Amino acid sequence: MKLLKPSWVNHDDKPIFSVDIHPTGKRFATGGQGGDSGRVVVWNLNSVLYESVEVDPNVPRMLCQMDNHLACVNCVRWSNGGRYLASGGDDRLVMVWGLSVAAGTSGKHKAETWRCLSTLRGHAGDVLDLAWSPLDKWLASCSVDNTIIIWNAEKFPEMVCVLSGHTGLVKGVAWDPVGKYIASQSDDKSLRVWKTADWAQETVITEPFEECGGTTHVLRLSWSPDGQYVLSAHAMNGGGPTAQVVERDGWRCDKDFVGHRKAVTCARFNNNIFVKEGKKCCCAAVGSRDRALSIWLTSLKRPLVVVHDLFSDSVLDLSWSSDGLNLLACSSDGTVACIQFTNKEIGTPLTMDEKNAFYEKIYGKCLANESGGDLSTNLLVECPEILLAREKQEAKKEAIKEDSMPKSEKSQTAKSALAPLLASPVSVASGSPLRPMDRQIETRTSDGKRRITPVFIPLTNADANESLGSQPGGMENCFSTSSQSKSRIRVEVRDDIVIHPNVSNHAINTSQGSTRLNDNGLDQRLRKRTAAALPGPRADDVAAKRGRSPGPAAAAAVAAAAAPAPPPLPAPALGAAGPVVRAAGSLRLQIVNKAYNTHYGTLSRLQLLPNNSVSNDPVWETYLGSPVTCVACDARWACVSCADGLLHAWRLHHQPHDQRHVARALPPIALMSQAAKLSLSGERLAAVTTAGELSVWDLAAGACLLRPLSFRNLLAHKVTVTNCSLLEDGNPMISLSNGKTYIYSKKLYAWVVWADAGDPVWRAGGPLAARHPRPPPAAGAAPGTPLHPAFTAPRRDRALPSRTSTYSAECARSWLEAQAAASLHLRLPRDYRHWLTSLFAHLVSHGSEDQLRSILDDMLGPSHCTSTPKKWQSTILGIKKHDILEEMLALLVRQLRWQRMYSEYSEQLNDIKQTNGVVNGH
């Protein structure tokens, strides 16, 4: 083992919060604080590992430096394929970087050119951790806003869903290596596991974390490469800090890594499965606030090595190289350490073929065999035009991938594409289908009874060469233990298969979920009903009519009715635990409520402080006569509201060359009631009051854009406003904590339902509705533009499986029609185009010919309609209908049962194009 600590890997003596090694092992990235912003640096790993390369003046050590983040970078992560680098920071942004093939400018910071390919906006707080899914299909980000966002890595910046359930800051996220689960850890003293099939919560683990406090900057957890264990950060056992091991089988928590003196901040499993002394094992690194680093093998009861006082401050992140022999660790002291191992010390890694054979044996599938083929079918192609159209679609997809891929990475991608072909654990000559040999399927009948389907287990060559007791360290039980060995037969619970009495199981193929048991073990149909009011007059009413004095309960009810009704929204409490700090560009706004007590009352102090300065002297200071309850600020504006109902707004950096000049943008404004939330979007300020009213001002013009508009009737008990913004056309949008989002239409004088997470129609649509997420925001779109998912995928735990197939498709169609109608009346062209094509795509798979022709006729024009309309417009919301028709035909060609309809409309559209687009004079 060698320990290296290159002094030239630094961020100008600023903290380094994250480190990650590229999958090829040629470079690594660091993220942290820069000069006056967040900084991401790409380094040459060979300069760290080899002294000859380090001293070579012709080999650059720093490959590229990116200072695009507005605030400190908390996490950097390479994609598994190595094409992208994701970074997240305190500016609430996630940036995705790609290597540019264009020649970069000369200099030590530009040996390579990495440019930002996409900026992901969606979090309402600092982004603390990132994780790519095993096949780079999704990117997960977690934040202090208590949520995890799943991004579509194939269509950035599209959101897949938002995982809401944590009640504290989410500080770590990790994917299951086989892609079935994703785990997250939070300051709410819980570790949660989510299912990727429907993004529902699988389990919540709290017992090992009950004694923990929120003392760590991050909680980076890790999943073992065999998928059998989750290694958490910051757990407690007997009053001492540990790294908790959570088993996949039943989510048991009976193992942990002990020895650190302070809280564990990060844990990272090596990506390889090792064989040492004839035993299969995994290797994990654990970092702590005690500045120490420990390395563990799951086949040993004690750590392999412990390095004390490696840094002068807390360890914050760890990263293993793809060969498993190099480990990088970073610290908030601004340094990076490298530990080199040998195969003799940690074992020999399994080859890719052996690793995929292991996944096939345990999970019944390899890592790289989940490829969907929506264009494949059993039907034959009737005409060459269909085949040509489908080949063009595939060619376009390949061209896009080739254009975005650097030349240096193309050879690597070509090699990785052959991995699934080389990873088959079953001989081709055998002719037997690939299926798990040590697993049985557990299903449930419609009345809740368990049924286990037996699976024949033939004797394989591997089984013939090893005895039952020859695997004391096998992957089924990697950790050393004295307990009795468990059966090798694994029972997989399949809730997506429901067996109906007297009906063949093979005739039922539904993915809408099954009837599950509630927490007390009773079937949903046997739960106790809540007591309803009995018919007839109440006893208190009868007593009042007879002249009697009402009882104590009735008197209390009358007193409650006479008392003033509480406001629909609660008044926020701010600064009770100390100063409140918000980022304001290169400055930070610090608010101290009740800073001074005078004979005339308490004073609240507002200060602008420099972010990166030796002096902490404020560049601007002011006082208010009431406690501040709401804050909204950015690099140009600072807005606060107080408990006395006054709204204050200042313009920062009024003069470009004088950062110390601050002027009031608005005079003190008395709101109708105390503010519950402030939202700043560009030059527009939106204020939501506790009385359920929304107002919007233009700070630059000093004018009101929207007079107080009430939405009190939209609120329910304990429902709060999570976001408020103004769209480009001036219509306001509000999002509520119950998952509902409304947009006010000035044309209709009504609130239009834009999203409803509790909508029974949408939930009944199940995965058919979840296949159509909202489109990504356009370039330059203002924050708050309704082009992102407002809710997660529907949960189907209470759906009736026997009826799902009958109404699910129709519910999805009804929901898509409502989304298209809302976009049309709100005059949102991009959304309308998305929802209309999504509706058409749904009808292609589940609709009838009449439904498809109705849409196609309207897009094509009146000359080809069976019933000619009186007037036909060639555009809708500024979009040419023929352009939408071309998109629909591209969707139609995917289903060969509609190929004749495709040929009919495609030929008519081509004829129209040849006649310069003239249709009946239009």
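Just so you know, the numbers here start at 1 and follow the chain as drawn.
Quick reminder: no glycine exception, Cβ is built from N, Cα and C everywhere.
Not measured: the values here are computed from a predicted model.
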Annotated region 'Disordered' segment (source TrEMBL; candidates 183-213, 214-244, 493-523, 772-802):
772-802
Can you identify, from 90-109, 110-129, 530-549, the stretch that TrEMBL calls region 'Disordered'?
530-549
As a quick check of your reading of DSSP, tell me how many residues in the repeat 'WD' (163-195) are helical, how many are strand and how many are coil.
0 helix, 20 strand, 13 coil
DSSP-wise, what's the residue breakdown of the domain 'Protein HIRA-like C-terminal' (664-761) into helix, strand and coil?
5 helix, 58 strand, 35 coil
